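Chemist: Positions annotated as domain 'Kinesin motor' by TrEMBL: 236-559. Among the features that TrEMBL reports, ATP binding site is placed at Gly319, Gln320, Thr321, Gly322, Ser323, Gly324, Lys325, Thr326.
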Amino acid sequence: ESYIGPGEGAAQVHQNVTRPKGLSYEERLHKLRLYSLEFRRWSSDLIEVFKMIKGFNRVDTEKLFPLVRESKTRCIILTLQPGHLRYVTQMVEVESPTTLRSLRECEERNRHLLEQVTHQGERCCQLEHQLRSSQETSSQLKYKVRVLYPCLEILQSECLNQRLTTMQPFLRSMKSDYNSLRSQVKSFSQFYEAAIIEAKKQVRAQHRERETHGCFPLSQDLSTHSGTVTILFSGNIRVLCRIKPLIQTDKKEEDTPTPVTLNPANDCRITVLYKARERSFELDKVFIPEATQEVVFEEIEPLVTSCIDGYNICIFAYGQTGSGKTYTMEGETDNPGINQRALRALFKEIETRTGTWSYTVSLNLVEIYNEHLRDLLGKDPQEKLEIKLNPDGSGHLHVPGLTLVEVKRFQDIRKVLALGRKNRVTQSTNMNERSSRSHVLLTVTVSGTEINTDTKTVGKMNLVDLAGSERVWKSGAEGERLKEAQNINKSLLALADVIQALRAKQNHVPFRNSKLTYLLQDSLGKGNKTVMVVQISSLEENVGETMCSLKFAQRVCKVELGPAARRVEATSYIFYLRYRKHLEYFVVRSV
């Protein structure tokens, strides 16, 4: 490409020589090398031409003249090229270090920029990933908010409605109590003035009379409260233990050593061998397995007859399912239990007081099944009842709509109890062929009037057959039986909480945690006489439940209900006894 042919002019050659100024360093150097080679080649060719001219003739000389002229021009051009080549070479040599240094700096800067671009690209990818993740999380949260917000509004509304529904009966009850208290406060002044007037008459007429009269000696502690007189006695909850004897289905284990042993010299101690360790319990009385129904009742008979004198008493049976609670409380036709024997003793005592006292005996029968109250003597035993505060302002509880049956003689009671037994819920489980699936409360109210003094007493006796505590895995309860067992255990646990609170003398006793404890509030509160019969099994397979029952019984033993209170309706004569010393001074001054 760089060869200059014979037809090229001087201008053409000069242009080709100066063209490399616009090229790079490497290209310029390459052109210079080509020009040097071409110069040496044309010098050699020129020498050859001169040699040839000398040998040519004149004609040949004329022919060769243009060639010679062209060769001279070529030589002139080639003569000029070395100077230019030296200039270009010097320029390249001067520019080469600076260019190389600039090149290295540019390359270093380029590398640094590439690293920054790479780093920023990675950072950009991370930020894009975080942005996508945040957008996804935001979308999910927005979706949850859209879904859950309506649910939250519904739950808030339901919660508010439930609270309002719960508060309405409570407010009605408080309003009723408030109105009752207002009416009592309004009538108290009139009642007090009438009592003062009557007391004045009694003082004038009986100023010389003895200070004791009838069944009200002045040695008794008489105190008035809302028209009643309470006569105080002390005592804790008594706990009796009865061991279920072996029956026909248990004969296969008759020869097996029993884990339960008694102390012949101490009928209050019982020892249980559990997990290779003996544990002793001290109770008020422990019956041997052979103890009859009559022997058991003799232990509590004095408590039963005190109901006639105006005391509130409670007798309840506690223990695992199949341990004999219903047998102890109800018994059999030819061998009745505590219920019938207690009522027979009441009527027998009433007969001995004929002529001096007049009594009215009424009873009701309530079942607590799955935390619902059912009237076992009503027309519809499936009807659910509610526990309310008595509107008379006494603070006691009552069940509106509950059937109250008045009985004139003991023979009428058997029919009433048979009706209640028929309506009670029982089912078969692995632990008991006829397991009671509910708690039953037989309440006997005895109202008495002393004929001579018109003194009135009101006593109440609660006879409670609790449903059996059971372990679900052992009893095989499923479906409806499982629900029953759960409600039974829940109510018995609430009873244990009440006992614990009473034992610790806490200000708040959680009676309202279950229908059972709420209904027993009047029986387990202060001023009552209470007996618990704990039923246990002596079989090895039931030793775990036996331990639980005895531990609960021992806690109950330590519960103090305080002095028992006799409820006597206030009369003018009792006010006379209570305020005689104060009124004598007033009467003497006024006369």
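Cβ atoms are placed via backbone N, Cα and C, with glycine included.
Give me the structural setting of these features: burial, nearby parts and distances.
Modeler: Annotation note: Gly319 (ATP binding site) sits in a strand segment as assigned by DSSP.
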Chemist: Per residue, counting other C-beta atoms within 10 angstroms of the C-beta, which of the binding-site residues Gln320, Thr321, Ser323, Thr326 reaches the highest number?
Modeler: Ser323
Chemist: What residues, ordered by sequence, lie under 8 A Cβ-to-Cβ from Gly319 (ATP binding site) and sit at least six positions away in the same chain?
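Modeler: Listed in sequence order, they are Lys325, Gly468, Ser469, Val534, Gln535, Ile536, Glu545, Ser549.
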